[in-house]
Amino acid sequence: RPQIQVYSRHPPENGKPNILNCYVTQFHPPQIEIQMLKNGEIIPKVEMSDLSFSKDWSFYILAHTEFTPTETDQYACRVNHVSMDKPMTVNW
């Protein structure tokens with residue numbers, strides 16, 4: 001089943017623009033659904049890297065979006081894959 005890591009590109013500072021990454025690894029087959037969320041709502045503008053595969057033929061992909069952290073906003077990454085019973089959400 002997929003492994004999910006959510007992290008910012010730069011050390012987070014409230015009010016300072018940053019990039020939020022959702023790195024998903026160890027999945028097969030390659031079809032996967034990745035959504036990034038702000039306060040539970042889907043962020044519409046998310047960019048995806050090309051799908052790549054590791055030596056063991058499992059796949060990995062990076063989703064990322066621009067964001068500006070604040071004290072109150074909650075960010076997360078939600079992943080759905082055929083190997084999972086239900087989507088998994090990982091909070092930042």
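Glycine is treated like the rest: Cβ placed from N, Cα and C.
Features reported for this protein in Swiss-Prot:
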- Cys22-Cys77: disulfide bond (DISULFID)
- 2-89: domain 'Ig-like C1-type' (DOMAIN)
Residues near Cys77 (disulfide bond) in space but at least six apart in sequence (CB under 8 A): Ile4, Val6, Cys22, Val24, Ile34, Gln35, Met36, Leu37, Ala63, Thr89, Val90, Trp92
Per-residue pLDDT averaged over the domain 'Ig-like C1-type' (2-89), given as an integer: 97
Three-state composition of the domain 'Ig-like C1-type' (2-89), taking helix and strand from DSSP: 0 helix, 45 strand, 43 coil
Other CB atoms within 10 A, centred on Cys22 (disulfide bond): 26
